[in-house]
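For 5-71, 81-147, the entry in TrEMBL reads domain 'HMA'. Per TrEMBL, the feature transmembrane segment maps to 171-190, 228-249, 261-287, 457-479, 500-523.
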Amino acid sequence: TKTISKCYVQVTGMTCASCVANIERNLRREDGIHSILVALMAGKAEVRYNPAVIHPSAIAELIRELGFGATVMENCGEGDGILELVVRGMTCASCIHKIESTLMKTNGVLYCSVALATNKAHIKYDPEIIGPRDVIQVIKDLGFTASLVKKDRSASHLDHKQEIRQWKRSFVVSLVFCIPVMGLMIYMMVMDSQLSDAHAHHNMSSEEMEARHSSMVLEYQLLPGLSVMNFLSFLLCVPVQMFGGWYFYIQAYKALKHRTANMDVLIVLATSIAFAYSFVILLVAMAEKAKVNPVTFFDTPPMLFVFISLGRWLEHVAKGKTSEALARLISLQATEATIVTLGPDNVLLSEEQVDVELVQRGDIVKVIPGGKFPVDGRVIEGHSMVDESLITGEAMPVTKKPGNTVIAGSINQNGALLISATHVGADTTLSQIVKLVEEAQTSKAPIQQFADKLSGYFVPSIVAVSVVTLFAWIIIGFVDFEIVEKYFLGYNKSISAAEVIIRFAFQASITVLCIACPCSLGLA
């Protein structure tokens, strides 16, 4: 017997099924080539050849001569079939040994490992020699039951519904509490400007007196040092910090656990510090029974959370749209196949329904009118029209006669066909398309990778800058107090200079954090 080797060639420049047929037809004529199988979507040719006559590089050269790009793929392990089975009826380690040793002796099985705890068997095999049904049969002959690990065909891992719900909730909570906070803030600003105008003219009209009164209501102290305005802001801020920011806290915690800093860390840092600082300032003011209400930052967290959670929500909605299309593609796959055994002269001997994952290369599959093709294959017998619009977009049915190729997922229309399976499982055109779309979704755009890399440096540097700000102002304050006095308006003369400086320094450094946090980079 002459030895047969197998190699894989990456083929580029194929546009349609006729390119595939062209390559296959021409290479079959060459000496030393046993068989060739080309997958269009994967851009891959699997060639079985006689190494004594021809080399893989020569095969690639032959494909190049036909006008396509071709390179020999080094990692040939890709052609191995991988099978995961659930094996029932194992009781002890000797059962495992029995299954493993029997399978390893079986021709075509390359690797096998069985786990008793999970009842799972992991098997690598050569699809040329053996297939999943044969492996399951071997295990059954040993007295165990084996079945495929059920693949989740619903594509639930592509489902963004839960994230969409979670960010929507986060956004709504933040928004509900953000609007009153913003309202209060704008109101205070307007009132303050009216008051300062009045002060400038020294003559107060009745409206301005009213304005003053109404702003006095918000400035009114419930307890010494605790104004209505600050109290309301605090009440509105707490739920946002708790519920609106919940997911940010979880994400930030995970990031810090792995010693990385992402946007979530910055958001959490800015909001928490603004919240904590404002809270502490209020407590200090109440302890001091201060006459002037302290400046708080309770408006920062709700507004930040509103913008960011809105962004996240929209992002997941967009992702969900792509995934929907993918889930629809996956749902086009047939779930079962009718495998037939042929006698001489293509006489039907028997047929059985099997799971589509159990179809092996070389199986004869019968497809009835109105049925879906479970795998890619070649027609052996029968004439029919086939609707291939799922792949080609071509609404007119295509005629199929013996020798034509058919695509998994397309619909057989008016005649029964017998096809020989050429690409099964993950190699079918449909599975390859799904895989390509999944890869496109999971891989990041170069600019996105760059942004992620930047934000890795961005977060620590912002924190550093705000710390520098803090110390710089403390130093400036102690060297020249008048500068601080100039910028820090309306502080109470009764508190000590040192405290004024520290408060002002904190205010400056938190402002840096809060402004840097929703920077365009993070939002984008």
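Start at 1 and count along the chain as shown; that gives each residue its number.
Keep in mind that glycine also has a Cβ here, set from the backbone N, Cα and C atoms.
Bear in mind that TrEMBL entries carry predicted annotations, made automatically and left uncurated.
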Listed stretch, out of 171-190, 261-287, 457-479, that has the most CB pairs under 8 angstroms to the transmembrane segment (228-249):
171-190
What does DSSP give as the helix, strand and coil breakdown of the domain 'HMA' (81-147)?
23 helix, 24 strand, 20 coil
Positions on the same chain near the transmembrane segment (261-287), where near means CB under 8 A and six or more residues out
223-226, 230, 233-234, 237, 241, 245, 248-249, 251-252, 255, 293-298, 300-301, 304-305, 308, 452, 455-456, 458-460, 462-463, 503, 506, 510, 513-514, 516-518, 522
Taking DSSP H, G, I as helix and E, B as strand, the domain 'HMA' (5-71) contains 22 helix, 24 strand, 21 coil
